[in-house]
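What TrEMBL says about this protein:
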COMPBIAS  1-10  compositional bias 'Polar residues'
DOMAIN    30-408  domain 'Amino acid transporter transmembrane'
REGION    1-28  region 'Disordered'
TRANSMEM  61-86  transmembrane segment
TRANSMEM  107-127  transmembrane segment
TRANSMEM  160-177  transmembrane segment
TRANSMEM  189-211  transmembrane segment
TRANSMEM  223-244  transmembrane segment
TRANSMEM  265-287  transmembrane segment
TRANSMEM  319-338  transmembrane segment
TRANSMEM  359-377  transmembrane segment
TRANSMEM  383-405  transmembrane segment
TRANSMEM  417-436  transmembrane segment
Amino acid sequence: MRVESESSGDNIPLLADTEKSPVDSNSRDGSIPGAVFNVSTTMIGAGIMSIPATIKVLGIVPGFLVIVLVALVTDITVEFMLRYSGSDKSITYAGMVSESYGKLGSLAVKICVIITNLGVLVIYFIILDVLCGRASKGVDQVHAGVVQEWLGFHWWTSRPFALLLFSVFLILPFLLLRRMDSLSYSSGISILLALVFVAISSSMAFYALWSGESQSLRIFPDFSQFSVLDIVTTIPVFVTGFGFHPYVHPIRAELREAGDMRVAVRYSLIICVAIYFATGFFGYLLFGDSIMTDMLVNFDQSSNTHAGRLLNDVVRLSYALHLALVFPVINFTLRLNIDELLFSQDDNKPELASNTPRFLGLTLSLFAFTYALAVAIPNIWYFFQFLGSTTIVSLAFIVPPAIILRDIYGIATTKDRVLAIVVALLAVVTSGVAIWTNLYT
């Protein structure tokens, strides 16, 4: 099928607008609010704690402009993806890519999604050290978690055991849900917990401002402290946050109308921009140039009173629960892509959600593997920086333009092609500079 494009190129319809979502009609009862919650929670993940540090480098005004710019580019690339998601193969990102670039392109995207999501899940486990800690009795290294601070050092408060109990009783039940829309409630709670964190941070910042203890803010970059390369390397942090592209198709597949996904994405981007800037601004106002790459470290170091320690515990607990509720959404897409990779040769296989042995086998295996990897490798922040500069950039800002340039349906306009080239070039340049800078330093 070849769809002729309008000469103006202003209102190109989604291919899927003339079709229903590519799943069974019984499962197409997802709502726009549910999609907004699921998309938003994937953006407001671990990266939110790094936003104040990027604001310190960029300054308040450029920081806000970069957040908005990355959000606008994200909206463009998601629009590209949705426009070419019209067949029953487009239940996953890789399925959409296979229509334009065949099995090899689909395989490359599956590998990128699996590497990215698996790495992010392991990082989420590691960040949960705010609860479980990485200290052992008699060892003066790293900080103790909330559990160890409250209950002391015992074998049952050790990091491996406490992390296992926490994940089995809180994370695993959500992993066993078989539809993305079923996770919308937990995603809504996750966003609420993020708002609690923002509210606490802003309250502390306003109190510090009232008491005359707030830090001076840098409106524009200070090139006496930071180089142009330092500024460029902040962009992958935002790209990592806005890189929700692998989750678009599983969420879209459960909506009543395929076009509803475009609405959900734009609402989600507005929410994310607001939370990102609020977190960055108030975190920077509160801690100033002493802000760490992970703002939680600043909260660990700023408790001198009982009230302060209680407030810090609330911050850490709310953030840990927030990540625990984001975990199942990311795992959902990871599981779907691994299933496609392993069983792609079987055209008659039932859907993963309807095949209980396959579903449980994949779910429990992934859960055990990510837990074991997180316990064995307690610090992979350099790997996280690498993901933000490579696989996430590719999935978010290189593959969608490549689909537009391929244009198998003949619906791309000149404006689309120009935008695709510009976005891809910006992604390649910033990613290359970020990788070179990280290796060089």
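Here the Cβ of each residue, glycine as well, is placed from N, Cα and C on the backbone.
Of the candidate ranges 160-177, 189-211, 223-244, 417-436, 160-177 contributes the most Cβ pairs within a distance under 8 Å of the transmembrane segment (359-377). When each of 61-86, 107-127, 223-244, 319-338, 417-436 is checked for Cβ pairs under 8 Å to the transmembrane segment (265-287), 61-86 comes out on top. Beyond its flanks by at least six residues, the transmembrane segment (319-338) meets 38, 41-42, 44-46, 49, 91-94, 110, 113-114, 117-118, 120-121, 124, 127-128, 130-131, 146, 166-167, 170-171, 174-175, 177, 180, 183, 186-187, 189-190, 193-194, 197, 246-247, 250, 296, 352, 362-363, 366-367 of its own chain at Cβ-Cβ distances under 8 Å.
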